[in-house]
Amino acid sequence: KLVQCLPQPNELTPCEDMLGDWYLKISEWIMCFISLLANTLVLMVILNAEGHLTVTKFLICNLAFADFCMGIYLALMAITDLTTANQYANYAINWQTGGGCATAGFIAIFSAELSTMTLTVITIERYLAIVHAMYYEKQLKLFGACIAMSICWILSIVLALLPIVGVNSYSLICICLPADFTSSMSVGYILILVGINALAFILIVYSYCVMYYTVHSTHSSGGNRATQEADRRIARRMALLIFTNFACWTPIAFFGFGAALKLNLITVSSAKFLLVFIFPINATANPFLYSIFNQLFRKDLHHVIAK
């Protein structure tokens, strides 16, 4: 039996389908499978590879786990949309105010924040290894990486728990992301999330620019064609890493600040596109950019397959 939707439904709190448009449904399933399979592969290869656990492998494992959690969130959204197809109104109250939406929202924010913070730590580790290559005492050691990641885990868990205990809310929209702008505390929470990711992006961009300048300066002394080609490869790789972070967080930060300032910068339909399709870009791109496209990772993969 269908029920009358009150209050009037919109794209973020629909009456029939949770995700609505077919392209959102398809992209949700595609990104879900890519995120789950690619990050599972990264974790399996690194944890079963030969040799001791290095700082880089440790950080990549944390990144892969964070992005795997985003795949779980996408799976929850896709499965819920499938099981409530054409009759979402009959399940909306139980889903949005019950444990399902709270769990999905916690996983989404925990995953997004842990991934962002881990990317920042990875960038710092690479920065120290390249810019201060001659000073071993300045390199990030495994113990220091463990401390840094412990702090990242604690902060990510706290940020994901806050909407559950009343700071903002996961239950206002069907895709279970914090969207309460009715109080200064709720707005402050959104601004903290946006601010953390904005600062992380600025730090990542600055670090990669300094790293490229350092590598380019070192290669310039040689001046041959091989070193110039190496420079171009490094530049392309760094530009791609920066672009994926920019593509993921800039639209969300822009419209997040706009909503916090009560500016109507985006329709609810476009907001759902951003939050469902743009939000998990890093979770699908990171395993390829930081692991699968890496020659050392493929070497470890061959060893694991051989075993």
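Note: Cβ is positioned from N, Cα and C throughout, glycine not excepted.
The annotation domain 'G-protein coupled receptors family 1 profile' is assigned in TrEMBL to 38-290. Annotated transmembrane segment per TrEMBL: 26-47, 59-79, 99-122, 142-167, 187-215, 238-261, 273-293, in sequence order.
Within the model, the domain 'G-protein coupled receptors family 1 profile' (38-290) shows a mean pLDDT value of 83, rounded to a whole number. Only sequence-distant pairs (6 or more apart) were considered; of these, fewer than three Cβ pairs between the transmembrane segment (273-293) and the transmembrane segment (142-167) are under 8 A, so the stretches are not in contact. By the count of Cβ pairs under 8 Å, the stretch nearest in packing to the transmembrane segment (26-47) among 59-79, 142-167, 187-215 is 59-79.
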